[in-house]
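Taken from TrEMBL as is:
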DOMAIN    13-412  domain 'Oligosaccharyl transferase STT3 N-terminal'
DOMAIN    564-621  domain 'STT3/PglB/AglB core'
REGION    442-464  region 'Disordered'
TRANSMEM  12-34  transmembrane segment
TRANSMEM  78-98  transmembrane segment
TRANSMEM  110-130  transmembrane segment
TRANSMEM  136-153  transmembrane segment
TRANSMEM  165-198  transmembrane segment
TRANSMEM  231-251  transmembrane segment
TRANSMEM  263-285  transmembrane segment
TRANSMEM  297-319  transmembrane segment
TRANSMEM  355-374  transmembrane segment
TRANSMEM  381-399  transmembrane segment
Amino acid sequence: MSTEASSTIARVLKPTILALIAIVAISSRLFSIIRFESVIHEFDPWFNYRTTQHLVKNGFYDFWNWFDEKSWYPLGRVVGGTVYPGIMVTSAIIHNVLHYFNFPVDIRNVCVFLAPMFSGLTSFSAYLLTKELKDSSAGLLAAAFLGVAPGYISRSVAGSYDNEGIAIFLLVFTFYLWIKAVKTGSAFFALWTALFYFYMVSAWGGYVFITNLVPLHAFALLLMGRFSNRLYVSYSTFYAVGTLLSMQIPFVGFQPTRTSEHMAALGVFGLLQLYAFAELIRGYVTPKQFKTLVKTGISAVAAIAVIGLTVLSYSGVIAPFTGRFYSLYDTGYAKIHIPIIASVSEHQPTAWTSFFFDLQMLIFLFPAGVYLCFRELKDEHVFVILYSVFASYFAGVMVRLMLTLTPIVCVAAAIAYSTLLDTYLERADHVLASNLKGPLTRSDETPAASGVTESKPKKSSGKSAAKAQELEAKAAASKGAVGYLSGERKRVPILNWDSRMMVIVQLTWFLFMFAWHCTYVTSGSYSSPSIVLASRQQDGSQMIIDDFREAYYWLRKNTHQDAKVMSWWDYGYQMAGMANVTTLVDNNTWNNTHIATVGKAMASSEEVAYDVLRRHDVDYVLVLFGGVIGYSGDDINKFLWMIRIAEGVYPTEVKESNFFTPRGEYKVDHEASSTMKNSIMYKMSYYRFAELYGGNAVDHVRGVRMPSEGPTLSVLEEAYTSEQWLARIYKVKNLDILGRDLKDATSFEKGRARKTSVIKRK
């Protein structure tokens with residue numbers, strides 16, 4: 001087949017393969033729709049969905065100035081100034097465009113399918129990025145890997161309407177544009193890098209990863225002696241335009257100039273300006289004068305920078321690192337100082353099994369790909385190495401950041417896998433004649449690799465070059481080594497077709513196993529919405545547990561419009577979105593004191609808790625209890641975090657040690673401490689639980705037998721319990737009309753009811 005025919009086939013096949021990869025990426029994220037229904041998942045997506053509804057209904061101006069009175073009662077929340085609006089604006093634009101062309105698609109379906117649709121774009125971005133690093137074959141593999149990798153699917157299934165649904169596409173595409181800008185030195189690509197960086201800033205708080213990784217790459221190239229006009233133009237354009245654009249997001253504001261997380265980018269920008277200025281004046285002074293000038297300049301700049309940063313930090317102009325940032329370097333920091341961060345499951349350190357679960361075979365191809373980047377070590381490969389090292393570390397200390405590791409793992413694994421295929425699919429005659437580049441000396445570096453000069457090397461005469469090659473070949477042969485031939489070393493030939501076939505079959509088998517693993521994990525573990533649970537009955541049939549939506553529907557239909565509902569912050573977004581009630585706290589977690597107050601109420605006795613409930617105008621209290629069906633994510637298992645957060649703000653009123661037995665055990669059965677048994681969390685969870693089993697109740701989560709007589713309630717009354725007892729809602733009693741203590745009034749009513757029942761039996 002001629003070269004022209006092969007090129008034509010490749011031009012047709014590549015778009016076709018990319019389209020098929022996008023279809024597979026989208027389809028693999030639809031299991032949740034097939035198994036359940038088109039519904040918003042998890043917790044945070046419900047807030048995003050609610051705000052998107054408001055944006056579509058009332059317009060952008062009203063959304064930008066929206067004050068939400070139904071959250072964080074009685075404080076409220078300024079929505080426009082406390083959100084990353086990227087995902088809401090994207091959905092609203094898609095919805096309006098579809099309606100403009102007379103496609104009457106509901107905004108809910110746009111939100112449900114947004115993340116799967118962007119996964120196809122993410123695969124295409126991975127193709128472009130990897131193509132810049134190696135070739136189009138590796139790019140196609142990277143696109144396929146990222147399209148089905150569980151580490152990315154976990155946050156992009158249908159219904160997962162969270163910021164990461166579009167942010168990973170923006171992350172990968174921004175990195176592609178940055179690599180393109182550095183390779184070409186084009187201000188055009190640098191400008192597009194800044195524009196997509198702005199889009200990323202508007203979409204996800206993880207933009208800080210780009211803010212620090214790009215300047216780190218520029219700084220590393222500077223230390224390696226690879227400063228060039230390409231690097232200067234690319235970074236200066238990116239930083240200047242990107243920083244100004246990012247400051248237009250109200251939630252970000254002046255953070256790029258006033259927070260420690262952004263100082264590295266500013267420092268590298270200043271360093272590049274000084275380096276460029278030094279290169280400029282180098283041609284106007286003698287080498288001795290230049291050396292003296294550089295020494296003086298470095299000392300002066302270093303002193304000014306240290307003094308300036310110190311003064312600005314102590315004066316409060318530059319804010320210190322946040323607690324979330326410190327927890328990335330000290331995994332025990334949050335548990336001691338900021339328990340609300342440590343209480344979130346996705347902020348926990350990543351288990352080793354999670355790497356294999358989310359990446360499968362990519363985890364052992366990943367180091368091989370990074371090694372191959374070390375062998376080439378061009379400017380773009382330095383970026384891959386830095387990305388790999390830092391993303392691996394951050395993914396190890398926080399399970400949520402597995403999401404940022406997955407793209408580079410797919411890219412590096414594709415480079416390694418493609419290299420293996422290139423090696424073992426070559427014809428034998430071609431392999432015997434093929435050569436690999438040997439290590440370059442300083443004089444051999446090309447302008448693109450060194451970045452120091454843009455001038456082309458002079459060509460030597462044909463005779464002298466031939467003579468040098470002959471002498472070099474003889475020297476290598478006399479030493480008995482593989483040797484160098486014209487600066488290249490021969491590859492070890494692979495002659496036997498059976499050896500090559502064995503490797504190809506194994507590589508193909510790995511691909512099949514990878515595809516099977518990704519399908520299994522996606523369909524089972526990552527396609528179950530948290531608001532709808534599924535279990536298997538004894539006969540093997542599936543049982544759907546819909547207690548969450550039952551409870552929220554009850555609240556929506558049976559409470560007045562201004563009803564205030566207190567619960568732990570995990571369920572705030574869902575209640576506001578589905579039940580349309582006013583909540584005290586939610587998943588924004590911006591006010592630790594307010595959350596600690598809710599924790600204090602849950603951990604206190606009825607008398608103390610009732611005072612908190614009345615002061616906050618609470619009408620209903622919702623708790624989750626999984627003791628009946630074995631749901632381990634209930635509030636009793638989260639109770640220790642409520643206690644710790646409350647103790648941080650109210651250390652004299654709530655003490656964690658009081659909730660443990662004398663032996664230091666966390667018990668809920670007859671051995672439970674008196675403080676535990678008297679807390680309203682314990683009472684609301686186990687109220688009437690013993691009656692359900694005729695006095696012989698067993699908590700199927702904790703695996704313990706409960707006392708035959710359960711707790712009683714005085715200030716709360718049961719309003720609703722879902723079918724599987726998963727969601728329990730209690731109404732806060734009003735003050736007694738006779739002025740009695742509610743406990744005495746309840747005891748009186750119980751005694752009166754008991755007396756009436758005895759008389760009736762007689």
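Using N, Cα and C of the backbone, Cβ positions are placed for all residues, glycine too.
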Checklist outcome for this item: Tertiary contacts of the transmembrane segment (136-153), defined by C-beta under 8 angstroms and 6+ residue spacing from its ends, are 10, 14, 17-18, 21-22, 24-25, 28-29, 119-120, 122-124, 126-130, 168, 172, 357-360, 362, 402-403, 405-407, 409-411, 413-415, 417-419, 421-422, 514-515, 517-519, 521-522, 525-526
Item to check | Interface present between the transmembrane segment (78-98) and the transmembrane segment (231-251) (three or more C-beta pairs under 8 A) | outcome: yes
Next on the checklist: Is it the case that the transmembrane segment (165-198) and the transmembrane segment (263-285) touch, counting contact as three or more CB pairs under 8 Å in which the residues of each pair are 6 or more positions apart?
Outcome noted: no
Item to check | Integer average pLDDT (0 to 100) for the domain 'STT3/PglB/AglB core' (564-621) | outcome: 94
Checklist entry - Residues sitting near the transmembrane segment (110-130): Cβ under 8 Å, six or more positions beyond its termini, same chain? => result 18, 21-23, 25-26, 29-30, 33, 38-40, 45, 48-49, 52, 87, 90-91, 94-95, 98, 136, 138-147, 152-153, 155-162, 164-166, 168-169, 172-173, 175-176, 179, 407, 410-411, 414-415
Checklist entry - Counting by DSSP, what is the helix, strand and coil composition of the domain 'STT3/PglB/AglB core' (564-621)? => result 33 helix, 7 strand, 18 coil
